Every structure is written in structure tokens, then in C-alpha cells.
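To start, the structure itself, in C-alpha cells.
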Amino acid sequence: MGMRLSRRDKIARMLLIWAALAAVALVLVGCIRVVGGRARMAEPKLGQPVEWTPCRSSNPQVKIPGGALCGKLAVPVDYDRPDGDVAALALIRFPATGDKIGSLVINPGGPGESGIEAALGVFQTLPKRVHERFDLVGFDPRGVASSRPAIWCNSDADNDRLRAEPQVDYSREGVAHIENETKQFVGRCVDKMGKNFLAHVGTVNVAKDLDAIRAALGDDKLTYLGYSYGTRIGSAYAEEFPQRVRAMILDGAVDPNADPIEAELRQAKGFQDAFNNYAADCAKNAGCPLGADPAKAVEVYHSLVDPLVDPDNPRISRPARTKDPRGLSYSDAIVGTIMALYSPNLWQHLTDGLSELVDNRGDTLLALADMYMRRDSHGRYNNSGDARVAINCVDQPPVTDRDKVIDEDRRAREIAPFMSYGKFTGDAPLGTCAFWPVPPTSQPHAVSAPGLVPTVVVSTTHDPATPYKAGVDLANQLRGSLLTFDGTQHTVVFQGDSCIDEYVTAYLIGGTTPPSGAKC
């Protein structure tokens, strides 16, 4: 959320929300901070055990389930310099109610999303048998949410300003303007966080943090559930500590071996497929704002959203009316649409939003965009957007070849026309990572984890954010089991599908992997 978004940044951001469960969790949890029960928890020191205390919420309207415990764990910022700077990881734990096997540690991905908020959501739907046998544990990765230091680059005003602008001018002057905004964003990150911390926020270090959490919980081996980009954390842990894994479920896979540009284009195709599926469903109903012919849905969609940009100057916004004084910008109309495409449970909200836009009103799409961008009713953002950029930029090599970026823009316009404004100009801005001040700590590679126990990768056939093939590829690399879900949402474990939950519960408790070809 934060800097001027190039097409590459927009596509990369599509991993933000993890399925219908996340949509529910966001409504319930929002941008709260969950901390230990004392008014001010002292920051822990290296080597200290976690001091667990009853959790409390910064939002009085959000009730934390009874028995939830919170604490912090100190880890070195740089594991090669354990006497240097320290980070404090925020944790939440829901104790097992029966004969405990160990801890089930979860992460929702993003990257940059709060594992504490995710645990609050998963706790509501966790099967009773799993709750009996495991402590449910969530953690905010280094730099994220309630962990300290947290990555902050933009102010709330910065985010509102950037969202208000169309971000579609790919003329030579427009590209220069976008890249100047990007450089200013990078400068804010360096000024506020320092290069040393930014150099150590990547998943390679988060995997080491995860092992420190395992040890602090008293577990000899890790039992882990990762959603979306949380699968990247899981596969990194499996590579670094294959002998310390008891069980691992990876749902909505990110393939560490994927070429970054090709992965982004596959994500773009996934969202175009989701848009097409939505349009076909909408067309069955009288009054569909995209009309009765799904083949014309993209054309009709652009007739609704393109007028939000001044046709004579694509850097000028012509926002739709909203009760909020901000209005609905073109950028937020696209983001609100993407938010609704994560799950069919949100399609009716997209229909409502597009129906409003017919009358130049934008309240529903703005609300969806605010949910996606993590802006609360008081105009405050959490730090997930800034954290996501910082993590992505050290997790993969930057694309600095402008010819490749221009070719990606051309291909993306063909693959995902609903997200594409105007015509191909033959120019495109470099993404944020091209200007990042520290080098990446990881490169695309196939996962190698000799001695790893059987794992379970869950992949959804029409997942808009993490394509099905990524799950197939990751399962092959891990030599694990592939569990297929036939659906259109992003991630599925512990979200109400009894078939999926039976398979993963049997695996978590007894180690029984799904049979070859298992499908729900």
C-alpha cells in the first residue's frame, strides 16, 4: 500500500487476503493490536522464556476468547551477529483442551499479515479434535503488526493520497512520475527503518524465527499450517530444518522455484478467470450491472470504471461520489473488485458496488478497497502493505531490465484485460524492488529437504491468487501429498469444508496423509 504502484506491484499485492475466512476475520478483528495483559509489556531479552499473560485487545469492541495467552519472544535481527540488534516477535496461544500432542503454529502469509489476527479467525472454526490435541499458536513475523520493530514507511495521509491517484499514465512522463514516487517511498522506508533491519526481514530469517518459536513452545518438532505466502515460510523452514518437522500443511502454495515475472502473470490470469466466473454468474440474474452477455463483461466493466480517470490527463482523478469525503478513485475501484474476487462469498458485494457505480456512487467498492488495504473506520492503516513490499524485495531478485518490464505489461494487458486501463504504450515503470537499497537474500530455486516427513499441500483448482499448478509443483518438490479442492476461492483449510478438514485433521493427529489423487 504505500508507494506508487506499477503493474508489477499491483500484481504482487494480490496475495494480501487469504480467502473467505480472512474476509470474516477482517470484519471481526480489523486493525486491532493484541498484546499481553499488562498495560506495558517490557520488551524481552535474548534467551528469556516467553512470559505468557492473558491477552487484551486495543479495540474494546473485539472480545478475545477466554484462555488466550499472549507474549513476546526475542530473536536476533541478524543471526550471524547474535550480540547485535534484537527483534521482539508477538505471539498468541490458545491452550489445548485435552491430551496435548504439541503446538499447531499457523501463519496467513501476505507477506506482511498478522498471524495473531489469523489465529483469532482460525480459532473460531478449528475442529474440536484439533483444539483438544494442540495449542493453537499464531505469530506476527519480524517487522509485522505487533512485533517490534514494525516496518512503517508511509503515513496514513501518504496512503490516502496515493490511493486517490489513478496510477495509469504509462507515457514517458507518467512513467518517470511513477518511478519518482517509488523512489520517495523507498527513501521513507530507509529513513524510518534503516538498511540493516530492511536487509534482515526476509523469509530466510523468518524460518529461523519459526524454529526459535518451536523451541520456546517446548516442542521437539514443529507442527505447522501455512496459508498463501505462509507456505513460503513453511517450505523455507523445511529446507533449513527438515529433521525438525513433525507435520506441515501448506494451503494456497507459493512456488519458491517460480520465475517472478511468470508467477505474477499466472496470478493475473487467475484473477481474470475469477472475474470471468463472476461475470457468468452475475449474468444469470436480472439487473446484473455487467449485463446479460459475459463475453462483453470486460467492456461493460471498463465503461463503469474508466470514467473515474480524466480522459485528457490520466494523472487526474474523477472520483465517484461516496459518503466518505475521499470519493472512489479508479485505483480503489480496481482494488475493490480484486478484493471481491477472492471468494464467491463476496460476489454479491461486487454486484452491489458495480450497480452503485452505474449511478456514479462508490460506497461499496470503497469499503471493499479499504478492507483490502487494511484501512479502519478511523482512517488508520496497519503496516501490512509496507511490510509486504519490504519482505518481497529481499525474497526475490529485482527486475531491473526495462525491456522485460515492458513485455510483462504487454502480456498482462492481454491476460487480464479487466485490470488494464487504456492501450499499451511501449513503456512501463520499474517495480519498487528495482530501487530497493539492500540485495535479495533468496533466489528462485527448487526446494530440497532431505529427511523431511511426509507433508500435505492443499491446492484449489480455481484459486485466483495462488494458481493450482503452484501447489502441484510444490508438492512434487517436497515429495509430499497433494490434496486438491475443486473450487474458486483462495485457501480452504479450516474454513468449513468437511472433506478437506477430515483429511487434514487425520494428518495432524495421526500422521495419515491423503491418498494419491485425493480431491474434495
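Along the chain as shown, the residues are counted starting at 1.
Every residue gets a Cβ built from N, Cα and C, even glycine.
What Swiss-Prot records for this protein:
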- S228: active site, nucleophile (ACT_SITE)
- D463: active site (ACT_SITE)
- H490: active site, proton donor (ACT_SITE)
- C55-C70: disulfide bond (DISULFID)
- C153-C189: disulfide bond (DISULFID)
- C282-C288: disulfide bond (DISULFID)
- C393-C433: disulfide bond (DISULFID)
- C499-C520: disulfide bond (DISULFID)
- 102-497: domain 'AB hydrolase-1' (DOMAIN)
- C31: S-diacylglycerol cysteine (LIPID)
- C31: N-palmitoyl cysteine (LIPID)
- 1-30: signal peptide (SIGNAL)
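Nearest Cα neighbour of C393 (disulfide bond) among the listed disulfide-bonded residues (C55, C282, C520): C55.
Here the Cβ of S228 (active site, nucleophile) has 28 other Cβ atoms within 10 Å, regardless of which shown protein chain they belong to. Looking only at the recorded positions C153, C189, S228, C433, D463, the one with its C-alpha closest to C499 (disulfide bond) is D463.
Here the domain 'AB hydrolase-1' (102-497) has a mean pLDDT of 97 out of 100. The Cβ of C288 (disulfide bond) lies under 8 Å from the Cβ of C282, T351, each on the same chain and at least six residues away in sequence. Distance from the CA of H490 (active site, proton donor) to the CA of C189 (disulfide bond) is 30 Å. S228 (active site, nucleophile) falls outside any helix or strand according to DSSP and counts as coil. A separation of roughly 21 Å, to the nearest angstrom, links the Cα atoms of C433 (disulfide bond) and the residue listed as 'active site, nucleophile'. Comparing the Cα of C70 (disulfide bond) with the Cα of every entry in C153, S228, D463, H490, C520, these being the recorded positions, the smallest distance points to S228. In this structure, the CA atom of C153 (disulfide bond) is 28 Å away from the CA atom of the residue listed as 'active site, proton donor'. Neighbour density around each Cβ, counted as other Cβ atoms within 10 Å, peaks among the disulfide-bonded residues C153, C282, C499, C520 at C153. The Cβ neighbour count for C70 (disulfide bond), using a 10 Å radius over every protein chain in view, is 26.
Each residue contributes its Cα atom, and for H490 (active site, proton donor) and C520 (disulfide bond) those atoms are 15 Å apart. In this structure the alpha carbons, written CA, of C520 (disulfide bond) and the residue listed as 'active site, nucleophile' are 19 Å apart.
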